[in-house]
Structure formats: structure tokens, C-alpha cells
Amino acid sequence: MPCARSGQWTRQSWSFSRWLIMVFDQICIHAWNSFMYSLCKNGGSKEAAEFFDSMTSKGLKPNIVVYSTLLHGYATEGCLADMINLFNSMKDNAIVANCNVFNILIDAYAKRGMMHEAMLIFTEMQEQRVSPNVFTYAIVTAALCRMGRLSDAMDKLNEMIAMGLQPNKVVYHSLIQGFCTHGDLVKAKALVSEMMNKGIPRPNIVFFSSVINSLCKEGRVTEAHDIFDLAINIGERPNVITFSSLIDGYCLAGKMDKAFGVLDANTFEYFKENMCKRISRWK
């Protein structure tokens, strides 16, 4: 049974789409997919499923692109039962799933913390001799890091390297954030060095400021300050957001002396330099 969500698709647009279904019996697969893509993009996977059913009833055989469109629509709206039923129907219709299809399924489960289901799909992918790509590993690694399963995440990093795949910025950022969040700054710094040695742009101050801000909101201001120091040690220069997050964290923790301590001489020099730059623009 299709997912009950109808999304943001307007009544007028859907009426027009129904009219198209009735009028054009021999409309091509590409056109059907375009209509379905528009529906799914606007939260109308239920309506896209009706398009899909109409297509098959007219004797047209959906291809892998059409299946991917509807699968992505279901995944985005959280209609996981419909998603997996559609995936299973691909096998019945002799449609062989590709890497993109498996990535859609894995991502849908991983984003909802359903790692058991995500890894079952990952295993099935390999059993069907479909090679995971960098995006597959980026999805899995990010999800494992969010769950604190850093050892498993590192195993996936090593696995993809063994397969000859080059980890990208997303993979490294997930791992670095995971180790920062769980207090292993030695490992986080080692990963930053590894990125730099491979010519991959290291995390910038915006990335570190985000981690610092998150930790401060959780009351983990001491750990946030450690990451503040790490960012400086690898050559990143804190900005106003970085300082503000750390100062707010200490203030919320009632450690006013520490908050004032953040504003040391180096901090003052940083703000003075930036104020001079701003003033010079008006001269």
C-alpha cells in the first residue's frame, strides 16, 4: 500500500498529471520519469506511485532510472516499507539494482539510525557483486560516527582504501567530527594530517566552530576548548563564531573566569587586526 503522505503537490498539478495519463497512452519512459521526478521532489511519492502503476498497466516497462526515482521519493518521505517493497519488485521484474539504488536504500536507513537494516543492504549489495563506491562508504561511515561506533567506522575507512577507493572530504570530516565529539583528539589530529598528506583540503575553522558550538550546547565546554586548541595547532585561525561559542559555553557553565580567560592577549590582537581591516575599508 503506498505511503499515505501526499506532500506539497498541488491539486491543480495533480489533476493535470491525471489528464496526461488518460490522454497519452504511448508517452515515452523519459517523460513518465520526468513527471514522477517532479512529484517526488515535491513530496508526492504517493502520486508518483500511481504514475508508476499507470505506466505498467499501459504495457510500458519501467527501467532502472524510473525505479530509482520512486525509491528516492519513498526514502525522502520515510516510506521505508514502500521503498523496500518496490526494491523487491525489481527482482521480480528482472531489473538489476545498481550502486545508486543500493545507496538510496542504505542512506534511507542510515539517516534514521537503522544501521542493522542499512548493513543488511550493504551486505546484499556485495553479495550481488555490486561494488560500493565512495558515496556508499561516506553514507555508512557518517552514520556509524553519529552512533559513536568509531571503531566500525575506521574499519570501513580501511576497507574502502583496500578496495582502491580514495576517501573523500565527507568521509574524513565524519570521522574527525566523531573523534572530536568522543574526546579522542589524538586520532582526530592524525586524520587531519592524513588528509593533508593526501592533498585533501583539511577541515576549516567553520567545521571546527560547528563542533565546538555543539559541544558547548551540551555543556562539554572543556572538550570544546580542547578542540579549539587543536584547530589552532593545525593552523586554523578562530573567528568570531568560534570565540563566541566558547565564551557562551563557559558562561552557561558558570565559569566566568574561564570565559574571560578566552579573551587573552592573542584574542585581543586578532580582534584588533580585524577591526583595523574593517576601518581601512571606509578610508
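Positions of Cβ are set from backbone N, Cα and C atoms, glycine also.
Any TrEMBL annotation is an automated prediction that lacks curation.
Marked as repeat 'PPR' by TrEMBL: 28-62, 63-97, 98-132, 133-167, 168-202, 204-238.
DSSP labels the residues of the repeat 'PPR' (133-167) in these numbers: 26 helix, 0 strand, 9 coil.
Same-chain neighbours of the repeat 'PPR' (204-238): 173, 176-177, 180-181, 183, 185, 188-189, 192, 245-246, 248-250, 252-253, 255, 258, 270, counting only residues six or more beyond its ends whose CB sits under 8 Å from a CB of the stretch.
For the repeat 'PPR' (63-97), the number of residues in each DSSP class (helix H, G, I; strand E, B; coil) is 27 helix, 0 strand, 8 coil. For the repeat 'PPR' (63-97), the list of distant contacts is 1-3, 5, 7, 29, 32-33, 36-37, 39-41, 43-45, 48-49, 52, 55, 104-105, 107-109, 112, 125, 128, 130: same-chain residues at least six beyond its ends, Cβ to Cβ under 8 Å. Helix, strand and coil residue tallies for the repeat 'PPR' (168-202), in that order: 26 helix, 0 strand, 9 coil [DSSP].
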